[in-house]
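Scroll down for the structure; my scribbles are underneath it.
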């Protein structure tokens, strides 16, 4: 025991599972710690308190394994994980001999013997033990034995889709079904862990324990990182010049406009980053996991590229400062432009080395840069209050003067960039550093806390620094100064113009000639050095600001790009996603970023690079804000950010403003950015990567589908809006691909298609198969590009299963109205019961007001025999989805063939509508549609004109109409004989007895045909024989035959006779034949209302 623990009590456990009990009220003290011994297990000593033993023995239960307290409260999870690795058994009551069932546990929970409590030597085996039953039995959670476990972190970690198994949590079957235990007791790991900690081995990388996670940065709040990235090159090198051009008022407006966008974006980032666990990938990760791979992938690529270009911008800013210092000392290397290129390439190479050294070194360098910038900023503020020397006054610095503040308060535009939005485009990149913290989300200890706190704090403090710098520099320095000490004059001297005259300086000549070298408008590169108390500190601050920003971007770009590469959304980029070392550093990504940065450094012009980045960053901001708005507007239960200080409407406003600013800055660059996004978006939409991130787009799809489905229920049905919504009895869809392709062809983008499968057998056996295979069948349909749903039911027989589907399939108004099934080719050799079921299904469909469509092909529909490999691996949905797709006639172009419609009976027009919809598709578009109707030989012209007139009113485009005057002729004798031979095995041969005698003879075989039924239906039977002769004469070479079949009266037409009609009608035909019968309600109309 640990210090302060009571002396342990003693308990022995035998290998059979029996437990020794202490007498009620017994107190066991001063005995050594017990040793649990199981076959193959290591001995373990545990302690029990006196209170535990007393309470347990009084209740008649065995003592549970004790869980000693860890020496460090923060190591509770580690201790539980270490304990969980040891196989310690829970001790059952003495009456159970090594085997437990759920009923046993339930009986124990109720304190008595349950109805299924096994006795000595009894077996409680389940026919199908679950996964848990082989490794886990029970845990003592609340003082009694149960398979249930307490809530724990690992049960929810790495969750993906609904229904996926969770680590450590028992399945529903484990709790609901009877378990089987073999080979002794199995104890759940969670029984040894404390309720508040995860069970399992404690790794150093677990957040919240005594040790820091691997790769975490000390003090990981990214405030410093964001501030360093915001305090970039613009702070020192361009903000004084922007103040001179735009004036203090408009400069503040530029700053506040930028901050408005970045603050709204910061709030959106905070909301998104606190809505779940954030991993590496930064902005790309946040957008892609929120909006989905389509927009996330495109913006990830653009954002990574923008960060790579930002490396060049900040490096060029650093190189400009070094170049100016060399120029002051007349020590240029080559010339001003090439010096920037040389210094920039050397600098970015050094920064690359720091980045490759690891995040620890990079973090230390950033802290150093931060301190340097703080010191330089304080140095500048001190310098503004120190009285100006004559040399500084000659360069335009006069300390704080109200007159200077008033003059510099208004704008004074100069040069080609002298416009509000021109200056905004140059300043805005300095506000983009808000994403620096989010971009290294994978290296943060707790991103959900660090990103909101660091981002918003950085925005606040940097905004204050920008406003203070603009106001102070504008209140101390005039716009133009010559820098010559000889220009000092007496106050009020004649011929002196400008504000400096009142301070004793005449800068009129250089101001009029625009040749002044100093002043706020001209000396902005090193102006702050002159104003400050100690100039070299400002230079050090410039170095720190530019290098820190460049370093942050150099780290961000590969991290974002690496996450994009690992997601495999785009081809040819996976090479750069490989990680090296403990923290999976993207070295190849660093090298790519380095090459891009060097390419833009060679431009050597800061004002040319900055607007390029502005558009890409604004595009990123627009999508971040839209992500937050979209996730909020979908009302998904999964959108639960812990950061509450955001508004979906503010996010939408931020997205809109970002887009507007893009076009106001550089319209052509904005068009290029949007063009790239649309191109990348289209590529991902076309490729449809196999990723599922639970994005708001998925939630939005559900919302739209739900709203439209509910709204559809309020719409009254109208014939003009009739759509053939098909319930297709495919069984497993891959077994009958021709049937799937036929229905999928005319329902695609038009109406509902449901593939129904009836699993025949006991529910307990078929339910696991149903759950396992449903996903595989859906993927098979998607791979075949069939827009359909798959559903299955478990039933005792086929007919009852189809009745379930007919009644329950669909949703609201989106319910099937046509039953499509394949023709039963083996009806003569199949069992009579299956024949009854098949014809009964047709009767059921008519009873439920369904239309019926039966498809027959010469070679048959069922290809399951060809798919024997698939059948052998039927339990593997992946194999099912990846199997080779069978080719059917409905997937090939039909050319200039014919679609022949035999509209023999008026069924409401369904026989016409389906071929018409089929003919609208590209593969069937060249086929000529012919319509055949029955008629009398002496009225052929009149009847043809009547049908043509009716079809023209339907606007179907059917112009070729044929009247069949010989439809009532007597068929050839050999064909009549064949029909008689077809029904001979099914005849009752009752000799025309009365109905009562026939019913008695037919008892138990209702499919038998009486002699009277044969005689009564003789004309109808001969009609089918004659129709088959006509079909073979007229439609031998057709691509498809659609015909209205006869209807057998329920209870009066035996199933064998009806199948004989269908067999005779459709036999010996090469083209596919579709037997279509509507429900006698109109599906076509020629009225406008």
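Using N, Cα and C of the backbone, Cβ positions are placed for all residues, glycine too.
Looking at 401-419, 420-438, 439-457, the range annotated in TrEMBL as transmembrane segment turns out to be 420-438. Listed ranges 180-199, 320-339, 340-359; the one TrEMBL annotates as transmembrane segment is 340-359. Taking TrEMBL as the reference, the stretch among 108-130, 131-153, 154-176 described by the feature region 'Disordered' is residues 108-130. Which of 70-94, 295-319, 495-519 counts as transmembrane segment depends on TrEMBL, and there it is 295-319. Here the transmembrane segment (340-359) has long-range neighbours at 215, 217, 311-312, 315-316, 318-320, 322-323, 333-334, 365, 440, 443, 547, 550-551, 554-555, 558, 581, 583, 585, 587, 590, 594, 597-598, 601-602, 604, meaning same-chain residues at least 6 beyond its ends whose C-beta is under 8 angstroms from one of its own. Residues 224-225, 227-228, 231, 354, 399-400, 465, 468-469, 472-473, 476, 528, 531-534, 537-538, 540-545, 547-548, 551-552 of the same chain sit 6 or more residues outside the transmembrane segment (365-386) yet have a Cβ under 8 Å from a Cβ within it.
Counting only same-chain residues 6+ beyond the ends of the transmembrane segment (295-319), those with a CB under 8 A from a CB of the stretch are 232-234, 237, 281, 283-284, 287-289, 339-341, 343-344, 347-348, 351, 429, 432, 435, 439, 542-543, 546-547, 549-550, 553-554, 556-558, 560-561, 563-564, 567, 569-570, 592-593, 596-601, 603-606, 609-610, 612-613, 616-617, 619-620, 623, 673, 676-681, 684, 695. Secondary structure by DSSP for the domain 'SLC12A transporter C-terminal' (736-871): 63 helix, 28 strand, 45 coil. Panel annotation: around the transmembrane segment (645-661), residues 257, 260-261, 264-265, 267-268, 270-271, 424, 428, 618-619, 621-623, 625-626, 628-629, 632-633, 670 of the same chain, lying at least six beyond its termini, place a Cβ under 8 Å from a Cβ of the stretch.
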